[in-house]
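*Asks:* One structure follows; several queries about it will come next.
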């Protein structure tokens, strides 16, 4: 699994920070979180394959998070895409995509499936997989608070139990149809009448990785608790402002770096990657002061301020 930060800026891009977008590479697919203007060009400078993007997750409908969608949709059409593309987002996402496709002329002839998440439900599974290789995922949404309807996402790796071949052989089960049934989750009955369940011949799976993505939001304690419940490892949280601009953060319904650190503590995650940095900052020195203080009390926690093209590998 690998995260690639395609854009780490906020409402206004800079020479060094493009509009928000994060790509997650998992099991041969790319999952894109937000798609700000210039995303498709940022992709060119990375190993992210646009044709492997099957799912785009939009946190909210502000321009800096969505204006890269039309160009990306057209470009992958030019490259011959035929398989469906899923786009997820808050209410009115369907209308937004519909209006985007009305502008000008395009040659998009692959299916686009649009899924809207509720901002009333405390949490919901909006996407999942069930691959036979045992490496699956679930994507949850959780409503957050911004100036427009907004949702956060949690990507959860789901690993299936592995077959214990030696244990199966001890029970007299040979490689063949019976073993396949057990692998597929069904019980079998041996010739002696004994029933063998999948649990009898499997090794419990290792816990998969779990990544939280806040989108734009004020700090929400419930979001931190939601992440902790699911065992979040890596938290990607907006930190538009440094701590000296708390009033600006409140007025614009954004977070400061201190807010992000507070949610990190509540989430139990071991890594924070702060992003969505305001264009007013030429460097991150004012952020680092608060990070240093936090690290003095929590030396085991990893804290990064994302830059465009940052790659983070989850091993």
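Placement of Cβ uses the backbone N, Cα and C atoms for every residue, glycine included.
Because the structure is a prediction, the values reported are computed rather than measured.
Okay, so Swiss-Prot annotates it like this:
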- 64: active site, proton acceptor (ACT_SITE)
- 60, 62, 146, 216: Zn(2+) 1 binding site (BINDING)
- 64, 65, 216, 276: Zn(2+) 2 binding site (BINDING)
*Asks:* I want the residues beyond 64, 65, 216, 276 whose C-beta is within 8 angstroms of the mean position of the Zn(2+) 2 site's C-beta atoms, in chain order.
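*Replies:* Leaving out the recorded residues gives 10, 11, 19, 20, 34, 36, 59, 60, 62, 215, 238.
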*Asks:* Tell me, by DSSP, whether residue 65 (Zn(2+) 2 binding site) is helix, strand or coil?
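*Replies:* Looking at the DSSP assignment, residue 65 (Zn(2+) 2 binding site) belongs to a helix.
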*Asks:* In Å, rounded, how far does the Cα of residue 65 (Zn(2+) 2 binding site) sit from the Cα of residue 216 (Zn(2+) 1 binding site)?
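*Replies:* Their Cα atoms are separated by 10 Å.
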*Asks:* Inside 10 Å of the Cβ of residue 146 (Zn(2+) 1 binding site), count up the other Cβ atoms and send me the figure.
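*Replies:* 22, counting other Cβ atoms within 10 Å of residue 146 (Zn(2+) 1 binding site).
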*Asks:* Have a look at the recorded positions (64, 216) and report the one with the fewest Cβ neighbours inside 10 Å.
*Replies:* 64
*Asks:* List nothing but the one residue from 60, 62, 65, 276 whose Cβ has the fewest other Cβ atoms within 10 Å; the candidates are the binding-site residues.
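*Replies:* Checked 60, 62, 65, 276; of these binding-site residues, fewest Cβ neighbours within 10 Å: 62.
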*Asks:* Report the nearest neighbour of residue 276 (Zn(2+) 2 binding site) in space among the recorded positions 62, 64, 146, comparing Cα positions.
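*Replies:* Going through 62, 64, 146 one by one, the Cα closest to that of residue 276 (Zn(2+) 2 binding site) is 64.
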